[in-house]
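Each remark here refers to the structure printed beneath this line.
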Ligand SMILES: [Zn+2]
């Protein structure tokens, strides 16, 4: 296991002067290793395959995660406290599965620690991301923005999609860095989202499953996330990359048990659940879209940047 050898990966498309030359550049800011895959893996794989420069910034090592591999439970925060280092290797393998070559940890690996779920004493750890000074953390992200100059920035909504402190903080840091970036601010900022219609369809599809992630929930409005369809701006159909996303899910083995509902989604006969991801537009102009809701089909829609390789889309 090559733990820790790729905390900062080399970038794929650079000029002799070290400048990134891909026309389309997208940056994703995530809280923990595995969030990139579960939330945006298909999107990342699609843009990487199309020749866009995809930059993943992960804010913590995910030290406080539960461990679903029995022989690795000794790595837990309360035992050897080695889970974070182990998850670097899982993230490295996930990026390889998604075709993403530019990955960094905010401020370097281990700068910020997983804060654990809201209200736990781990929120108060001196290195907890939840405790990070906003401008310091945003300054570190700003350095990456200045280097990569992405046109599109992806992060979470103000509630971090479901209320985890590190997700909320990732949102705050990304938005503050965007504000500080001035002329270099990405033209569009998206927040990950799950449309209510997709949740309702998922609840129906899983109703009789023994693995029902919605068990005990009667109404889609009772879920801590779920965005009205009218507020969704983009639907990224990356069904071609559902297999790559599934491969990336598999390598996050400490976090995602083989019984996970994510694998049930992969078996969905419609084949769309894993490969289709949705976004709200937080900043920038919505580009042209399609379908009954006029959803964009490309996060670069409306921007004047050439597609590197339309075939990858
Ligand atoms: Zn997370």
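Even glycines carry a Cβ here, placed using N, Cα and C.
In the record from TrEMBL, residues 32, 35 bind Zn(2+); the candidate from 103, 125, 167 listed for the same site is 167. Neighbour count (other Cβ atoms within 10 Å of the Cβ, all protein chains): 29 for residue 35 (Zn(2+) binding site). All chains included, 26 other C-beta atoms sit within 10 angstroms of the C-beta of residue 167 (Zn(2+) binding site). Under the three-state DSSP scheme, residue 32 (Zn(2+) binding site) falls in the coil class. Shown in sequence order, 30, 31, 34, 39, 59, 60, 62, 156, 160, 164, 166, 170 are the same-chain residues outside 32, 35, 167 whose Cβ sits within 8 Å of the Cβ centre of the Zn(2+) site.
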